[in-house]
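Participant: Okay, so TrEMBL annotates it like this:
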type: COMPBIAS; residues: 140-153; note: compositional bias 'Polar residues'
type: COMPBIAS; residues: 155-168; note: compositional bias 'Basic and acidic residues'
type: DOMAIN; residues: 8-132; note: domain 'Nudix hydrolase'
type: REGION; residues: 140-168; note: region 'Disordered'
Ligand SMILES: Nc1nc2c([nH]c(=O)n2[C@H]2C[C@H](O)[C@@H](COP(=O)(O)OP(=O)(O)OP(=O)(O)O)O2)c(=O)[nH]1
């Protein structure tokens, strides 16, 4: 495959880490695809990994902290000039440590309204919009089963965003 091959679909996972009503937003660093765009931290799923395993690994490597991966928020397929990406964004909480800046330009904890002003990577726009508008649909019980494969509803998103007990 060459860099211009956009027929091969690459599976990527992103974490919408929520804490105290805010979401961790990351700005991509220099020398990477989509430099300067905002994204949900994460990366490519490797062979033999589940999406949730990949996400925990990527966050450990990239942000040096541990997360609990909750419900799937959105999967979006985006054809870039370098590849076609299938991006699945999951609602997550911090379970140990706090995010450390390593390869991103910036990390910010933002309210859904503040997220509106960012230049999101094209693959992330649908998931970001669901948080910004609160228009996702789930039940509160999904959040009691963090590994549940169900898609998040607006109630879960609101419940997650409203949680106070997770340290930022
Ligand atoms: N991690 C992550 N990647 C995203 C998001 N949205 C989006 O379009 N991407 C793209 C950028 C990359 O081309 C691809 C894989 O992400 P990555 O973080 O592993 O990519 P990378 O460029 O650092 O990897 P590499 O090929 O340079 O080794 O997915 C997102 O929200 N999070």
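Glycine too: its Cβ is placed from the backbone N, Cα and C atoms.
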Participant: Counting each residue once, how many in the domain 'Nudix hydrolase' (8-132) are helix, strand and coil under DSSP?
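Facilitator: Split into helix, strand and coil, the domain 'Nudix hydrolase' (8-132) gives 28 helix, 55 strand, 42 coil.
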Participant: Take every residue in the domain 'Nudix hydrolase' (8-132), average their pLDDT values, and give the whole-number result.
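Facilitator: Within the domain 'Nudix hydrolase' (8-132), the model's average pLDDT equals 96.
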